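When I checked TrEMBL for this same protein, it listed these features:
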- ARG24, GLN25, ALA26, GLY27, ARG28, ASP74, TYR151, SER206, HIS322: substrate binding site (BINDING)
- 19-28: domain 'Uroporphyrinogen decarboxylase (URO-D)' (DOMAIN)
- 139-155: domain 'Uroporphyrinogen decarboxylase (URO-D)' (DOMAIN)
- ASP74: site 'Transition state stabilizer' (SITE)
Amino acid sequence: MTQKTILRALAGERLPTPPVWMMRQAGRYLPEYRATRAQAGDFLSLCYNPDLAAEVTLQPIRRYGFDAAILFADILLIPQALGLDLWFATGEGPRLSTITHADQVAALKPVDAIHETLSPIYETVRILARELPRETTLIGFAGAPWTVATYMIAGRGTPDQGPAHAFKAADRAAFSALIDRVTEATIAYLSAQIEAGAEVVKLFDSWAGSLKGQDFDDFALEPARRIIAALKAKHPHTPIIAFPREAGPRYAGFARAVGADCVALDNSVSADWAAAEVQTDGCVQGNLDPRHLVTGGEALATETRRIVQAFSNGPHIFNLGHGITPDADPDNVHRMLEAVRG
Ligand code: CP3
């Protein structure tokens, strides 16, 4: 049996045409997503409805034939499963009840309790494992502990992760206990996704770039290393993609340090630099600026081909440097795919 293209790239194979998928490929830029979401009611009802969550996961596969599907869910379901309130204020992004004291860390639900909340997500994975085309790889995911903790502490997205940095400075022991609890929950959550049929998992550390020096080692690198070691011990054949967004020079050596099979590059990293300094370690994923899918034109094709060319000497999965935005033109995705696949 010929292996799926994404799995071949993750095993270190250089392919003549890189496999391709997009961060946030199921989303508001697609009219069919907006229709299903309206049917579900709100965003969280969609996440917890296995049939509809599977449906929106499949929509971009039907429309574009991407090489991978990413489970439709959210990184903030873990805090909810650990006992925090979570809601999405329309047009304002996520809101959570906050963690501001050591007592509240201790009062979080035990890790074993998360499956009660998260079992519909595993059902979505099982449906997708049955329904995806045989050539499409199913990717599961979770947020990395630092990124998830920034939302648990602030109760919302923050431009500079100020509240999380302040909590870390005020009580490093309590902050570390929170990171440990999220780390353990993430191991249990990703293991369950793999057992339900996820073929690859990705760890999103969207705010890794705001950790510097020793903090980067302690709270970006070390939790990722622990999660990956635990998953590899149980599921040695499941490849893992790490995404330490805006890690800059710390992308070099990151995959090896944490034991990941691939590192996802954000669009602030130069493709030529990453080909020389990061891809030498193994597979890389990335890194088109998602704004090109809004603006389109010749720049979209030129920039797409430049990235494919820069990474053409090693294993590469073509992707965006961050999620596609709601104002993107769905036709520009076809133009990007033409430029990748020729
Ligand atoms: O298609 C996919 O990529 C899979 C599903 C997915 C979503 N969120 C769906 C979603 C994935 C992998 C995520 C990850 C996620 N969620 C991250 C890490 C990646 C990143 O973007 O840096 C983060 C930080 C979140 C938290 C989150 N969820 C925020 C800040 C928001 C609001 C911002 C926004 O885009 O509205 C969400 C909501 C969210 N998650 C949407 C989707 C499709 C939009 C919700 C809607 O339909 O209104």
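The backbone N, Cα and C atoms fix where each Cβ goes, and this holds for glycine too.
Could you place these features in context, so I can see how deep they sit and what lies close by?
When Cβ atoms from all protein chains are considered, those within 10 Å of ALA26 (substrate binding site) total 25, not counting its own. DSSP classifies ALA26 (substrate binding site) as coil under the three-state reduction.
Taking H, G and I as helix, E and B as strand and the rest as coil, DSSP gives the domain 'Uroporphyrinogen decarboxylase (URO-D)' (139-155) the counts 10 helix, 5 strand, 2 coil.
The Cβ of ASP74 (site 'Transition state stabilizer') has PHE43, LEU44, CYS47, PRO94 as same-chain neighbours under 8 Å, each 6 or more residues away in sequence.
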Non-local Cβ contacts of HIS322 (substrate binding site) (under 8 Å, 6 or more apart, same chain)?
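Correct list: MET23, ARG245, ASP266, ASN267, PRO290.
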Which one of these binding-site residues, ARG24, ARG28, has the sparsest Cβ neighbourhood, judged by other Cβ atoms within 10 angstroms?
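Checked ARG24, ARG28; of these binding-site residues, fewest Cβ neighbours within 10 Å: ARG28.
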Considering every residue in the domain 'Uroporphyrinogen decarboxylase (URO-D)' (19-28), what is the mean pLDDT value?
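For the domain 'Uroporphyrinogen decarboxylase (URO-D)' (19-28), the model's average pLDDT rounds to 98.
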